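J.: Here it is, the structure, as structure tokens.
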Amino acid sequence: MQGPRDGARPRLILGSASPRRRELLAQIGVVPDETTPPDIDERPARGELPRAYVGRIAAQKAQAVEAGPDEIVLCADTTVALGRRILGKPADADEARAFLVALSGRRHTVLTAVALRRGDRVWSRIVEAQVKLKRLSGDEIAGYLATGDWQGKAGAYAIQGPAGAFVPWIRGSYTAIVGLPLAETAQMLAAAGHPVWRTP
Ligand SMILES: Cc1cn([C@H]2C[C@H](O)[C@@H](COP(=O)(O)OP(=O)(O)OP(=O)(O)O)O2)c(=O)[nH]c1=O
């Protein structure tokens, strides 16, 4: 039987500057027709909680990317939540050090919100994962900061890089931690008319 999507798929615009998101999509065979990074103010509002924050930012990114009425825009936002505290991308090495000290030896939550827009229709999901960082020594933190790998990463670490050596335990979606939860994203793309799987 032929599915309704056996014709042409709508154009897909990846609204992201993140090479990780592009690579994760490529992992499931999805290659965007265009990449347009959104430009929005990512500062949390006063007292804003992490879940509300990531959901709002992903939605704003999806609205900020220009697209035709039948094009699909895919955006996401990842943040690290330590209790009610939002740890975004560190501004500099000092802030990165402070984040790593706060996360050392503790469990925290990584939240990735995905927002998909096609014309006026919007699909959104927030996917969580729990991550434990081992207790970090001063040498480990200094060594990791020297790699520069913390730059541009929520919570000042990236599980897929050298900081993988700091992570003894996770629960939940690994790809949500890296920046784009693939199971949920594939489902959302299918809902919006851009299925990952094509009938052979
Ligand atoms: C916790 C963690 C975060 N990250 C990354 C994913 C995100 O790219 C980044 C959080 O920043 P985001 O603002 O979510 O994304 P971005 O600025 O990189 O890209 P854009 O807004 O254009 O889509 O942190 C990892 O790569 N690995 C990790 O383990």
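Using the three backbone atoms N, Cα and C, a Cβ is placed for every residue, glycine included.
Below are the features listed in TrEMBL for this protein:
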type     : residues : note
ACT_SITE : ASP77    : active site, proton acceptor
SITE     : ARG20    : site 'Important for substrate specificity'
SITE     : THR78    : site 'Important for substrate specificity'
SITE     : GLN160   : site 'Important for substrate specificity'
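Could you give the neighbours, burial and distances for every feature on this list?
T.: Here the Cβ of ASP77 (active site, proton acceptor) has 28 other Cβ atoms within 10 Å, regardless of which shown protein chain they belong to. ASP77 (active site, proton acceptor) falls within a strand when secondary structure is assigned with DSSP.
Listed in sequence order, the residues of the same chain lying 6 or more apart from ARG20 (site 'Important for substrate specificity') and placing their CB within less than 8 Å of its CB are GLN160, VAL178, GLY179, LEU180.
With a 10 A radius on its CB, THR78 (site 'Important for substrate specificity') counts 27 other CB atoms from all the protein chains.
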J.: Within 10 Å of the Cβ of GLN160 (site 'Important for substrate specificity'), how many other Cβ atoms are there?
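T.: For GLN160 (site 'Important for substrate specificity'), the count of other Cβ atoms within 10 Å is 17.
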